[in-house]
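According to Swiss-Prot, the protein carries these features:
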| type | residues | note |
| --- | --- | --- |
| BINDING | GLN37, LEU38, ARG39, ILE40, LYS41, ASN69, SER108, LYS137 | 4-amino-2-methyl-5-(diphosphooxymethyl)pyrimidine binding site |
| BINDING | ASP70, ASP89 | Mg(2+) binding site |
Amino acid sequence: MYQPDFPPVPFRLGLYPVVDSVQWIERLLDAGVRTLQLRIKDRRDEEVEADVVAAIALGRRYNARLFINDYWRLAIKHQAYGVHLGQEDLQATDLNAIRAAGLRLGVSTHDDMEIDVALAARPSYIALGHVFPTQTKQMPSAPQGLEQLARHVERLADYPTVAIGGISLARAPAVIATGVGSIAVVSAITQAADWRLATAQLLEIAGVGDE
């Protein structure tokens, strides 16, 4: 049963781009996307705070679900919609502070053991990856593939789930067919020849998410 220890999110979050700049956040919100993540890596809090503030303000303006990757203190300080954490960040993060601030929490997983760890934290949603080989980041684990993804989705039947990792426009329909509630994409949009067209096509496949 879906009983998160953090504020809930819609069962289907729809298309979920993960981007590294405020410029991309603004473009995608203007294009109709309503679930996004700002992921800026390996910088100090003071170096990213202005971007976090600007992204959160844009999210509010568009009534969108904006998650901040990793920088949970800034997300709390500026009241983001939510925070997304990798497995490696869970132990170093004050989950009680995130919960007390009323922020949603998403957690990355790569196998059954990590799903168990995520479930113990009772987050708002669980991300399942990486589905396919990806060039976006170095991954210590092997790609899950569609069959494994479907098995995880079945196990987490009443939990909001997000598939991530190597999901292209061509692969997106098969990913959605597993029953997963959302697809997170990076290069499928940011490296597309026509990002507006790619975004529109992905929205047709994955939707904007439930209200």
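Yeah, the Cβs are placed from backbone N, Cα and C, and that goes for glycine too.
Quantities reported herein were computed from a predicted structural model and do not represent experimental measurements.
Feature annotations (Swiss-Prot) mapped to structure.
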residue : record                                                         : contacts (Cβ under 8 Å, 6+ apart)
GLN37   : 4-amino-2-methyl-5-(diphosphooxymethyl)pyrimidine binding site : TYR16, PRO17, VAL18, VAL19, LEU66, PHE67, ILE68, ASN69, HIS84, ALA184
LEU38   : 4-amino-2-methyl-5-(diphosphooxymethyl)pyrimidine binding site : VAL19, ASP20, VAL22, ILE25, ASP51, VAL52, ALA55, LEU66, PHE67, ILE68, ASN69
ARG39   : 4-amino-2-methyl-5-(diphosphooxymethyl)pyrimidine binding site : VAL18, VAL19, ASP20, ASN69, ASP70, HIS84
ILE40   : 4-amino-2-methyl-5-(diphosphooxymethyl)pyrimidine binding site : ASP20, SER21, VAL48, ASP51, ASN69, TYR71
LYS41   : 4-amino-2-methyl-5-(diphosphooxymethyl)pyrimidine binding site : ASP20, ASN69, ASP70
ASP89   : Mg(2+) binding site                                            : ASP70
SER108  : 4-amino-2-methyl-5-(diphosphooxymethyl)pyrimidine binding site : HIS84, LEU85, GLY86, GLN87, GLU114, ALA118, ALA127, GLY129, ILE164
Query: Under a three-state reduction of DSSP output, how is ASP89 (Mg(2+) binding site) classified: helix, strand, or coil?
result: helix
Query: If you draw a 10 Å sphere around the Cβ of ASN69 (4-amino-2-methyl-5-(diphosphooxymethyl)pyrimidine binding site), how many other Cβ atoms fall inside it, taking every protein chain shown into account?
result: 20
Message: Suppose we draw a 10 Å sphere around the Cβ of ASP70 (Mg(2+) binding site). How many other Cβ atoms does it contain, all chains included?
response: 23
- line: The correct three-state DSSP answer for ASN69 (4-amino-2-methyl-5-(diphosphooxymethyl)pyrimidine binding site) is strand
